[in-house]
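Everything below concerns the one structure shown next.
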Amino acid sequence: MKIFGITMGDPAGIGPELILKLQKDMEDENAYVIYGEEYILKHASSVLGQNFYYEKVNSVDDVKDKGIYLISLSLKGALEPSPSSGKLAIAYLARATADAISKKLNGILTMPINKYFAKASGFSFNGQTEYLAFADNKKDFAMMMYSDAIKVVLATIHIPLKDIANAINVELIKQKIKLIKDYIPKYFRFIPTIKVLGLNPHAGEGGLIGDEEAKIIIPAIRDEDVVGPIPPDTAFIDIKKDDIFLCMYHDQGLIPFKMLAFDKGSNVTIGLSFLRTSPDHGTAYDIAYKGLARVDSAGYSLELLKRYGY
């Protein structure tokens, strides 16, 4: 039996609804521990008209059999978008992360948080990915968007576009390549073909449209078994099953990914000591508790945990 953790995310968003909709996916030989509050689950269950069956426990140590469990932190907070809802989301993330690091869990699925309200609550990180790496004491990590159709890894994550050229360097790119080579065979059990994108239009056009390719990317990949630098506008024309694209910035990778796999992909943090997955969308405050949330990405994220978590 494996034990997986699922954080509720921002309770003002669609995280609680997604958890309810995953109930049938959790009716197997594994144990699933939800980090959240009972009153939130009951509210979601009432609004959506769906029964949700679980057992309350104080810690993962109390989980002895398959089923769905709830660890309540006994926190009160708003069910409307606010620093209060952001604070709850971070509390659930912190508790689940601690249990994953201590090997009490075989992996975690984190429901979406809102970066603005998380920051407003005192959270000092740009996102869950950065927090997870800090808590796990990992300096080398990366955000990977994973699907059957396309897989991308980001060299930089949540930084402004104007700062990207100064953020990339030879060491950074080598580090991301090593992460991919080490992590993918370990967790996902295949040897990837790594395709490195250029930063500039046409990958710099021989230095006519920027020199980051010549000064940074080419030196970084010269002795590596990778393909690149590839012009970003043609990189995704021909995608093979084992391809992993190393993209220089967030939207360079996320735009093609969400076009091809928005409802069938997952956000995976590579470099951690455990497997973490997350839906590839946000809190969707505008449709929360209306029964409108699509569970596809959350379901795929859970499936990855079950398939590859250990």
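Positions of Cβ are set from backbone N, Cα and C atoms, glycine also.
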| message | Can you find which of Asn114, Asn267 Swiss-Prot lists as binding substrate at the same site as Thr129, Lys258, Arg276? | response | Asn267
| remark: Students should find that the Cβ of Asn267 (substrate binding site) has, within 10 Å, a number of other Cβ atoms equal to 23
| query | Near Lys258 (substrate binding site), which residues of its own chain have a C-beta under 8 A away, given they sit six or more steps off in sequence? | reply | Gly265, Asp280
| note | So His202 (divalent metal cation binding site), by the Cβ count within 10 Å over all chains shown, scores 15
| task | Using a 10 angstroms cut-off on Cβ to Cβ distances, just flag whichever of His158, His250, Arg276 is the loneliest among these binding-site residues. | result | His158
| Thr129 (substrate binding site) versus His250 (divalent metal cation binding site) - Cα distance in angstrom | 13
